[in-house]
Amino acid sequence: MGTEGGQQRHKVNLASGRGFGASLTSSLKETFFPDDPFRRFKNLSAPGRAWGTLQYYIPILEWGPKYSLGNLRYDALAGLTIASLAIPQGISYARLANLPPIIGLYSSFVPPLIYAIFGSSKNMAVGTVAAASLLLASIIEGAVSATEDPVLYVNLFYTAALFTGILQAALGFFRLGILVDFLSRSTIIGFMGGTATIIIMQQLKGMLGMRHFTTKTDVISVAKAVIKGRDEVGPLKRGLNPLSIGLLNFDSKYLKTTLTAGVVTGILALAEGIAVGRSFAIIKNDQIDGNKEMIAYGMMNIAGSLTSCYLTTGPFSKTAVNVNAGCKTPMSNVVMSLCMMLVLLFLAPLFQYTPLVGLSAIIITAMVGLIEYEEMYHIFKVDKFDFVICMTAFFGVVLLSMDIGLMLSVGIAILRALIYMARPNPCKLGHVSGTTMYRDIEQYVNVSVVPGILIIQAGSPIYFANSGYLRERIFRWIEEEIEGDQGKGSNELQHVILDMGGVASIDKPGIEMLQEVQKTLDKREIKLAIVNPRMKVVEKLAASRFIEKLGTEWIFLSINDAQRHQVNLTSGRGFRASLKETFFPDDPFRRFKNRSAKGRAWGALQYYVPILEWGPKYSLRDLRYDILAGITIASLAIPQGISYARLANLPPIMGLCTFVPPLIYAIFGSSKNMAVGTVAAASLLLASIIEGAVSASEDPILYVSLFYTAALFTGILQAALGLFRLGILVDFLSRSTIIGFMGGTATIIIMQQLKGMLGMRHFTTKTDVISVAKAVIKGRDEWQWQSFVLGVCFLCFLFLTRYIKAKKPKLFWVSAMSPFVVVVLGGLFAFLTHGDKHGIPTVKFIHPFLSPTIYTDAMITVGPLKKGLNPLSIGQLNFESKYLKTTLRAGVITGILALAEGIAVGRSFAILKNDQIDGNKEMIAYGMMNIVGSMTSCYLTTGPFSKTAVNVNAGCKTPMSNVVMSICMMLVLLFLAPLFQYTPLVALSAIIITAMVGLIEYHEMYHIFKVDKFDFCICISAFLGVVLTSMDIGLLLSVGISIIRALLYMARPNPCKLGRVPGTTMYRDIDQYANLSLAPGILIIQAGSPIYFANSSYLRERILRWIEEDVEWSDQLGPEHELHYIILDMG
């Protein structure tokens, strides 16, 4: 503690005291062992710990030795009761799966024995279930008919059960129950309700005595079958389960089917079984271990697959009967199994005359209870989005198919979870009168705003997926405060306090967001203060040197401390509101809300077409700067345009044809600094995707037309994302992903330029570094020393100009114009020395649709150049179904990447210039320029860093610099293009290499490694994925890992126990502060994140663990410390 101005101040503990190893161990423990199952054994000897671990994985070793005859009486009664239910249900569900009824009896014999050994629930009764039976049948019948090849059909069921068991056991053993957490309760209720509906419909076959029926599961097909059309079960042989290990089928023809069936039904069965087990454990005041349950289900399905059984899990109906019958231990499953064994040995033939209508009645009765109308209505009342998820599962199953319905619902549930992450719920805080508390001003009406101070509570972890949103939201509050102060004539905003007590973790993009906010505030002479950062946050803020830059004096333990310090220095939302915050965090139309209807319409038009706002204010003074900037970036755009077109295996003239997009950007763009054009990464990525369908050398006309089509799809996607405010999707392409992807792309582009540097005429079309290296070595007979020497000279010149720029920033134009100088000098040298006859290939141009590429022994050309502007290419767009998948894929992948790169570049320079850009308006601008570009012989364009940096350094004032650049490019097309026809390819290779070296951000990668190891893994995954496989695979791999990390953030928040800071009413994390006091008999827990389906199980396990630890602690200290109260801080 310290004092400031005579008042006491409590200091934040900024020393984490944890190294990387300790931090990693703690994170892994909380991710995979939230219940800390081995804590009971930590004080035992080595043999004791080994025996305890064995008991943990095989629970019968723990409860078996304590078993009593008193328990056996209850278990025997319960076992007999559930056996009486298992026999008819087993036969019924086997028939439902189109399996021989005897398999239903087999599946109720072996699996319960295995569960009794490995299961952790005292209440669970296992067996087959209707939903999994029908789902398995619907998947496997897509490959094999049950009537045409019944033996193979049954064998695939056994194989699917084996895959299910392996998956379930692996999830449990490796503590990956987190995956099951994403199957929400709403999804299960909707899926089960829809499944029950179609199962009831299918029982019309038995109820009506029909012999022919549809194999489809949707309600429409079933209804048709009923309109169009007394069977018995059939003979059942005595005997126990025969071994089926020799019947398992791993034929590659059916492997995809059995794997799909095993994985989908395995996850569903786990979610259902664990949910049922937890429900009854709560009723009986017991606990079950989710990971042990997974191992138990896995082991019983593995054993079952080897003994003629199909998938089993923990059904609600049997478990409810088991509990009501008074079961005490899993021994009731053993009793049920013994009853099934007796039936198989002696009584099975008696069931052969069972009418199918009887089985149908049993199934219908069981299914009616699965349609939980009241629960669906309750979900609707509580959470409309959850209700949408529930109904998606229900109608997806009823109207489409079981697997599609399930996947749709899970997809929407995960999308919702991602939205939870990407759109947290920050709030403005006000002071509660007469207290030291600060609360949400929208929730409490009696809170007062402190003049001159804006207090914001982040309320969730900050990371790449939501950092952009939080930036927009904070800037919006700042703008509102400034506008409000100006309107009221009140105290000017001087301080922003950010309460980070609810920020359990932060990553590098989140830290960069804070740095951007700090820089923006500093330029406005507003101070930023941080309140109550948690331990993990402090570690990363310190590693990134943010604390050093901010100053430790601006970090406080409480808002009250921060507010007092500032004074000394200076003197509940609804559904519609949630949608607004999701899609309009910046509230772009708030400036027009007090205008007339006509004024609002004009304001909206200015918002979407920014030139209408800045154009009328444009001055001749600004034009002078924009002309200089436009000419400068044109000198860079000409050689880069030619080079990147060659990189994409396009006619080089197309690099000059991209003069149209800058004109469109000047109309729709919101950034004053951006200079648009083609980029190397997108050029090579497009080429790698499109060349998978069409060769550039074999059919150049078609190849070019697919580039136009991909650009059109890119533009439509980008414009739609901006128009519908879906920039949230781009947020999931993290900065780490972009750095790794760009670095990997730059590496392979540099490798590919060895073709031009060495004067080679034949080269690989693959992009991975191994294939490129092999092509260089294999083509060593084509190496031209003259080309290599000239290329080294060009490289030395280009790197020299970059060095001059670094040493003398005012001479930036030397580096900016050097590529143009290289093109001019190289062309002049090749022309005067006839370089094409001395091993120096040159390039000539033609419009891409006039003649194909021509190869000669002396030089590589594309035919004679014709002057003229871009011809319309709308007639060249190709929507042929054969190529549609390729162009869509190319358009979507490169479109998202180009957006992420362009917006990141725009924001970076906006911060430097103390400006702001609107991400959604930028998306519309990029979309419009790519749509128009696709119709005027242009391919994908975005906002590259190199051109934008030159534009800023040259002193641009408005987007008019893009118009000037475009005019320069147009003049080149009309008059000067022929002068470039002798440009040596080695010059273009040197230009590309120089540009690419700057994209490998070694220092930034090292900084990511220092701040966040997981972010570094994402970065390196993108880098190595691109370098070793391909660009699209590397990008998708990295994005996939990023999303997994985001889901981990959700599913594994960072709750903490709180203790009181001595001498105050403040409560803080006991792991972060050593001198806190705990109140006897009271456990205080801070959730630290939103609570929803993906993390509710984890939080349950974590809270129960703390309760057990407190109970054990109170047993040691005495009854006065006995736990009586639990306080959950939901702030």
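Residue positions begin at 1 at the first shown residue.
Cβ from N, Cα, C; glycine included.
According to TrEMBL, the feature domain 'STAS' maps to 443-566 (among others).
Across the residues of the domain 'STAS' (1072-1131), the predicted structure has a mean pLDDT of 78. According to TrEMBL, the domain 'STAS' annotation covers 1072-1131 (among others).
Summarising the annotation, TrEMBL assigns transmembrane segment to 99-118 (among others). Beyond the ends of the transmembrane segment (99-118), by six or more residues, the same chain brings 57-60, 83, 86-87, 89-93, 124-128, 133, 146, 150, 153-154, 157, 233-234, 236-237, 240-241, 292, 295-297, 299-301, 303-304, 307-312, 330-331, 333-334, 336-337, 340-341, 343-344, 348, 351 to within a C-beta distance below 8 angstroms of the stretch.
If you look at the transmembrane segment (124-144), the same-chain residues 6 or more away from its ends with a CB under 8 A from one of its CBs are 78, 82, 86, 89-90, 92-94, 96-99, 104, 107-108, 111-112, 115, 152-153, 156-157, 160, 191-192, 195-196, 198-199, 202, 215, 217, 253-254, 257-258, 260-261, 264-265, 268-269, 272-273, 276-277, 280, 297, 300, 310-315, 318-319, 321-322, 327, 330, 332-333, 336, 363, 366-367, 370, 401-403, 406. Positions annotated as transmembrane segment by TrEMBL: 124-144 (among others).
What TrEMBL records for 259-283 (among others) is transmembrane segment.
The transmembrane segment annotation in TrEMBL covers 444-466 (among others).
The transmembrane segment feature in TrEMBL is assigned to 650-668 (among others). Beyond the ends of the transmembrane segment (650-668), by six or more residues, the same chain brings 608-611, 637-638, 640-644, 674-678, 683, 687, 696, 700, 703-704, 707, 843, 845-848, 853, 862, 865, 870, 921, 924-926, 928-930, 932-933, 936-939, 941, 959-960, 962-963, 965-967, 969-970, 972-973, 977, 980 to within a C-beta distance below 8 angstroms of the stretch.
Look at TrEMBL and you will find 701-724 (among others) tagged as transmembrane segment. Within its own chain, the transmembrane segment (701-724) has Cβ neighbours under 8 Å at 583, 648-651, 654, 686, 689-691, 693-695, 730, 848-849, 852, 873, 876-879, 883, 886-888, 890-892, 894-896, 898-899, 919-935, 937-940, counting only residues six or more beyond its boundaries.
Taken from TrEMBL, the feature transmembrane segment applies to 736-754 (among others).
Marked as transmembrane segment by TrEMBL: 785-804 (among others).
The transmembrane segment feature in TrEMBL is assigned to 811-833 (among others).
For 886-911 (among others), the entry in TrEMBL reads transmembrane segment.
According to TrEMBL, the feature transmembrane segment maps to 963-980 (among others).
Annotated transmembrane segment per TrEMBL: 1014-1044 (among others), in sequence order.
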Count the Cβ pairs between the transmembrane segment (1014-1044) and the transmembrane segment (736-754) that lie under 8 angstroms and are 6 or more residues apart in sequence, then report whether there are at least 3.
yes
For the transmembrane segment (811-833), what are the same-chain contacts with Cβ under 8 Å, counting residues 6+ beyond its ends?
632-633, 635-636, 638-640, 642-643, 790, 794, 797-798, 801-802, 804-805, 840, 842, 950, 953-954, 979-984, 986-988, 990-991, 994-995
Residues of the same chain, at least six outside the transmembrane segment (736-754), with any C-beta under 8 angstroms of its C-beta?
464, 508-509, 647, 680-681, 684-685, 760, 763, 767-769, 772-773, 776, 897, 900-901, 904, 989-990, 992-993, 996-997, 999-1001, 1004-1005, 1008, 1015-1016, 1018-1027, 1031, 1034-1035, 1038-1039, 1042
